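Report on the following structure.
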Amino acid sequence: MKSWLLLLGTIGWVTAGDVLFIPSTLYPVHAQTMSVLARELAERGHKVTWLEIGPERSDIVLHQQVSREFWPAQFGDRTLQEIYQFKNHTSHSELWNPQYTNENEQTTGWLASIRLCDSVLSRSKSKFDKMVEKQFSTVIVDDLYNSCGVLMAGLKKSVYIYWSMTGLRTESAWANQSPSPPSYLPVAGTGLTDDLTFSQRLYNVASYFKQLYIHQHIVQPRIDAVFQKYYPGVESTFEIERNASINFVNTPPIFDFSRPYMPRVNFIGAIQCRKPKELPKEFTSWISAYPDGFVVLSTGFTVQWNKSPEHIRQAYLDTFKYLPNLLFIWQTGLPNSSNLPSNLLVKPWLPLQDLLGHQKCRCHVSHGGLNSVIESVYHGVPVVGVPLTSRGYDNLLRITARDSGVMVEKSEFSGEILTAAINEVIENEKYKKEMLIFQDMVIDVPYTELYHAAFWVEFIERHQEVPHARSGADHLNFLQYFLVDVIAFFFFVIFCTLSIIYYTIRTVFRTIRSVVNGVRGVPKIVSRGKKNN
């Protein structure tokens, strides 16, 4: 018996790893998503360390066995503080402006993360060095707005997982060598589907090279400057990103438009999704009073409702009044008041998955946040999308392209339009039917995405590297990757061949012409001679 216990203990010791998580702190949803995998690994017996670098420690609740570290850092810029820390920047009220798409969100986020990284290294480089010296079997790094996370992965020289909290973006696909043909694959932020006209393909190609240029020639050089400032000689950001052992993507495999990708890319979207739990009595008492069901309205961490224009809030309230037979459960920080419609339940935060999984949930009004949209698919609830940013628009396109919901543009937004959209989704059975088909394709797999993600972490711990998952493209430059050198060589050969043929033919014709002219010219000369005689 003792020998069996010893064997089991040895097996547990061998298989359990030491994992370091480094999430981005600019957007809480990133850490919230990563915490799900951290909890799973801790429950499997792994030693998990969680490192946050930012102006404030997040409110994310971690598993009790997760070792948590927080290193304070400052932006050193008032505008960045207002955007990410105080959330009182004008951009929060501009979200509802039809012309505002927040297309510079990604560049601004990276520049903010560079300042945070510079700040923490200037204050706590000794802490950083000690963390580098610690032995971890795997490092898991958020691939957005996480400069110090990239540096940690590069300095440790250990295997690491690069986790995209969005879909597989252009620059991420370039780093892991997954082909992203702009001929049919829409670039993030373009608002396009995979059915492109000629003019749309022109725009898509321009957007493709623009995103690569911004990341590789604006963002990465600034990150490298900070790296070289504190660690001269360290690898470039480009090389560190390319050296990731595994890439996680925060979308289900069939959520996005069909695309090619490398074997080291694993789609683990819906990792946070689960079966619904029983709702608190406060919700059930409201829901039971409305036989026609209820509608959920959520905006996640994105919208500061106290910054929204009055006419926007009034449009929502008008919608609730137009549909008195439905209960509306609205996630908003606005205070309760006697002026609110009687069919409205207001909460600052919602048990969203428990509500979406309830049998009386009729539809989900979403701003287009990736996690909330995926949760709608997972629970089979059609969506009415009100996109506030270009990223949200892209996420909702994946729903509307499959007839699993409708979208209301900001430029058309009103109480009447929103009411019509909700009625359309609820009364037209097509949307529910298509969403259930979409749901079935996402969940009809022999494992959960959480199990899938945990498997790959443990796979990397056991094997350390996956050489067969890498391609020869890792060693190619831009011109070689797109076969510019080969195409140029072919054109050169064709040009030389055609030139040789041309000059050969011209020479032959000139020779023939001169011979002919020579033959014709002899009699004339002779006749003249005779005449002179």
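In case you wondered, yes, glycine gets a Cβ from its N, Cα and C as well.
Here is what Swiss-Prot records for this protein:
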CARBOHYD  ASN88  N-linked glycosylation site
CARBOHYD  ASN243  N-linked glycosylation site
CARBOHYD  ASN336  N-linked glycosylation site
SIGNAL    1-16  signal peptide
TRANSMEM  481-501  transmembrane segment
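Taking the C-alpha positions, the distance from ASN88 (N-linked glycosylation site) to ASN336 (N-linked glycosylation site) comes to 22 Å. On the backbone, the CA of ASN243 (N-linked glycosylation site) and the CA of ASN336 (N-linked glycosylation site) stand 51 Å apart. Under the DSSP three-state reduction, ASN243 (N-linked glycosylation site) is assigned to coil, being neither helix nor strand. Here the glycosylation sites are ASN88, ASN336, and the one with the most other Cβ atoms within 10 Å of its Cβ is ASN88.
When Cβ atoms from all protein chains are considered, those within 10 Å of ASN243 (N-linked glycosylation site) total 18, not counting its own.
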